[in-house]
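Trainee: Structure in structure tokens, see below.
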Amino acid sequence: PNVVSWTSLMAGYIDMGRPKMALWLFGGIYEGLGLPNEFTFATVINACSILAELKTGRKIHAFVEIMGFQFNIVVSSSLIDMYGKCEDVEGARRVFDLMECRNVVSWTSMIAAYAQNAKGDEALEIFREFNTKMVDCPNEFMFASVIGSCASLGRLVSGKVTHGAVIRRGHDSNDVVASALVDMYAKCGCVHFFHVMDGFGYEYSVHRLNKVVEAMCASGGNNLVKEAKFVVFKLKEWIKADGVTYKLLIKGFCDLGDMIEASKVWNLMVDDGFQPDVDAVNKMMETLFKVNRYDEGLKVFQMMRVKRMDDLGPSSYRLVIHWMCKRGKIEQAYVVFEEMCKRGIRPDNLTLAALIYGLLSRGRIREGYRVFEGIETPDISVYHGFIMGLLKLRKAGEATQVFREMIKRGCEPIMHTYIMLLQG
């Protein structure tokens, strides 16, 4: 083997999703194979990017300088990409500024580094500098990063200008750019986007509508969730919302705790002939429980038991049992638990942990221990339920004993375990 075949082997492992193996191979490259070339360095730096191995990446960067490849355009572009993905934007900029010669790849890497690290203003500034200094045309990845920066900054005008450049350069049919445009127009709250896209050959699509609604609802802002609902109903003449659309809106309003709007969307969904799926049902119940509308949450559960019992699965039972135990309604929780078992649904450890906590917190220690002893492989959630229940009864000694047993069985504690014990 020589350096070329060794480098190809490293690249092959990266393509197979095994970048650690590529790093290991790089460590053995000196055994009679000669010195690494620029493609070897670019490949191993790419492995560091995928693994976000900043420490290793810096060591390889030092080796790059020792070997005299610091001004190589391929290696430098890879270093910029690596530093960007490892959240060291200053490191990426240092490499960029030291480059004697740059191409569209190096400029794209620098713009992407800023965009990926929430530095949208700097990304747009570099893009403007690229357009001033370079004769090369932006590629689709550069456009996608710039559009993403416009989205993060809420710069609709800049986004539209970039969209125009995308069309002029012939990248409007590229999936990467189209996805970035969908996200940008969604976050900037622009209904007009769908009509523009239709005019350029992108047909009205409920899939595209759902991507926009998902992006807006995921923003966590009240105005954007309301805007998402506005978009859906403004476009109903061209795009018919489906069950996924309604589910996303329900989730968005539930995340805000706005149960009035969530209930309105729920009713519209039913009127349109769609059944809320289990995820939507669970989200409604969970939010009603969280905002102290416990009885209304149970009504949703009861509705499912009467009309759609077959759709009730482990996640719904776990949720209801958890909240019943949390509120001290242990008898109700036991009824639901028995129903779950009679239907042949095996309770998971999270459900059993909630039940153990509920029993112990109500002083039913023997029953709590009996449930615990019946669990084949208790995990951290079970031990946490057990320990919290004992601490609520002010039985710190027994809680500590359970903690020791947990470690003895090979169940590793986490930070929350220690905080819980210290507070108890």
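Positions of Cβ are set from backbone N, Cα and C atoms, glycine also.
Quick caveat, the model's predicted, so the values are computed rather than measured.
Below are the features listed in TrEMBL for this protein:
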- 103-133: repeat 'PPR' (REPEAT)
- 242-276: repeat 'PPR' (REPEAT)
- 313-347: repeat 'PPR' (REPEAT)
- 379-413: repeat 'PPR' (REPEAT)
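Could you give the neighbours, burial and distances for every feature on this list?
Mentor: Looking only at the repeat 'PPR' (103-133), the predicted model's pLDDT averages out at 92.
Long-range Cβ contacts of the repeat 'PPR' (242-276) within its own chain (Cβ-Cβ under 8 Å, at least 6 residues beyond either end) map to 206, 209-210, 213-214, 216-218, 220, 222, 225-226, 228-229, 232, 283-284, 286-288, 290-291, 293, 308.
Same-chain residues lying 6+ beyond the ends of the repeat 'PPR' (313-347) with a Cβ under 8 Å from its Cβ atoms: 278, 281-282, 285-286, 289, 294, 297-298, 301, 304, 354-355, 357-359, 361-362, 364.
The list of residues near the repeat 'PPR' (379-413) in space but at least 6 beyond its ends in sequence, with Cβ under 8 angstroms from a Cβ of it, reads 349-350, 352-361, 363, 365, 368, 372, 420-421, 423-424.
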Trainee: Counting by DSSP secondary structure, give me helix, strand and coil numbers for the repeat 'PPR' (242-276).
Mentor: 27 helix, 0 strand, 8 coil
